[in-house]
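Participant: After the structure tokens below, expect a handful of questions from me.
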Amino acid sequence: MNQADLPRWASTFALPLLNLLSALLVAAGVIYLLGENPIESLQILVNAAVLDPEGLGYTLFYAATFIFTGLSVSVAMQAGLFNIGSEGQMYIGGLGLTLLILALDTHLPGWILIPLAIASSAIFGAAWAFLPGYLQAKRGSHVVVTTIMFNFIAANLMNYLIILMIPDGQQNPASRLFANSSWLPKLNGLFPILGETPLNISFLLAIVALVIYGVAVWRTTWGYQLRATGLNQHAAHYAGISIKKTIIVTMMISGALAGLAAVNSVMGSTHYLNLNFPAGAGFIGIAIALMGRQHPVGIFLSAILFGALIQGGFDLSLEKPNIPPETFIFIQGLIILFCGAMENLYAPALSALLKRKEK
């Protein structure tokens with residue numbers, strides 16, 4: 001039994017919701033075993049991440065990064081590619097914008113420097129994803145294997161270059177602080193109710209990226225070629241679609257989106273590059289793409305959920321010492337498990353229930 005046997009609304013909305021609820025129920029059981037009340041813990045998490053205005057600002061800040069990584073994985077999945085390299089592509093995007101800013105932030109005004117830095121993050125991310133795409137298209141090297149390898153290379157390359165960037169007399173493994181002209185404008189001027197949070201215009205860029213993704217995938221010829229390649233490469237080939245070109249271009253777009261994920265943290269929050277880069281955001285993008293069914297609305301809601309888990313998890317760990325911060329990494333893993341490896345767990349029962357109602 002697979003999702004093709006279900007109505008579209010059931011496979012798009014009902015099945016992901018059931019999978020999410022299952023993951024949260026298992027998480028509730030773990031919290032109970034840790035000696036805490038799951039309902040009370042959920043209330044604390046929701047209050048800290050959503051109902052508190054400042055907490056909501058942090059939730060949206062984290063979500064901005066996750067939207068880009070979710071889009072990165074989603075656009076590749078539309079072509080039948082499983083890009084596990086978003087993490088490494090994000091690292092390289094962060095390196096690219098950092099190198100440009102360090103070279104030019106004392107010479108260019110912000111209105112020129114900021115767009116250049118954002119573009120450089122996308123270009124570096126796309127360039128890093130080009131080789132796995134090329135190897136898949138031209139040599140048959142599976143993109144899953146090559147992107148995993150490239151993640152390790154990217155992480156170690158970033159570590160090496162950051163060590164070279166450490167200013168004299170500084171012990172913290174990080175580049176120097178960027179000039180103010182390269183800092184992204186924050187949104188607390190537009191939304192003062194959110195307080196002094198790091199939420200910045202990269203959140204608006206993420207929303208724009210969601211809209212462009214939705215239009216490009218479902219309303220353009222390129223989007224048709226992309227989806228046709230993902231559904232059946234042989235049929236797409238006989239329809240005149242260049243499979244190799246589609247794979248390479250798609251991987252580069254996927255890498256560009258992953259590279260853009262670095263902008264939120266590096267230019268909008270820390271204003272320097274360090275080893276505490278938002279590690280794991282690329283892998284969270286996999287969960288977001290799976291749970292959101294590669295749809296713009298689903299990606300947005302899933303990114304908000306993961307942002308809320310991170311923000312609410314901080315407060316919950318403070319108020320409930322029995323719940324360690326690592327618990328929320330475990331919850332993220334549960335969501336990936338139920339929405340990925342076990343995504344069709346409820347498909348047979350749901351299909352049987354719907355058929356019974358039709359009778």
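Cβ coordinates are placed from backbone N, Cα and C, and glycine is handled just like the others.
Sequence annotations record features per position, and here TrEMBL assigns transmembrane segment to 12-35, 55-76, 88-104, 110-131, 143-166, 199-218, 247-266, 272-290, 297-314, 329-354.
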Participant: Counting Cβ pairs under 8 Å to the transmembrane segment (12-35), which of 55-76, 88-104, 272-290, 329-354 comes out on top?
Facilitator: 329-354
Participant: Where among 55-76, 88-104, 110-131 do we find the most Cβ pairs under 8 Å to the transmembrane segment (272-290)?
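Facilitator: Result: 55-76.
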Participant: Any chance the transmembrane segment (199-218) and the transmembrane segment (247-266) have 3 or more Cβ pairs under 8 A, given the pairs are 6 or more apart in sequence?
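Facilitator: Yes, the stretches contact each other.
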Participant: Run the contact check on the transmembrane segment (143-166) against the transmembrane segment (329-354): 3 or more C-beta pairs under 8 Å, excluding pairs closer than 6 in sequence.
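Facilitator: No; fewer than 3 Cβ pairs under 8 Å.
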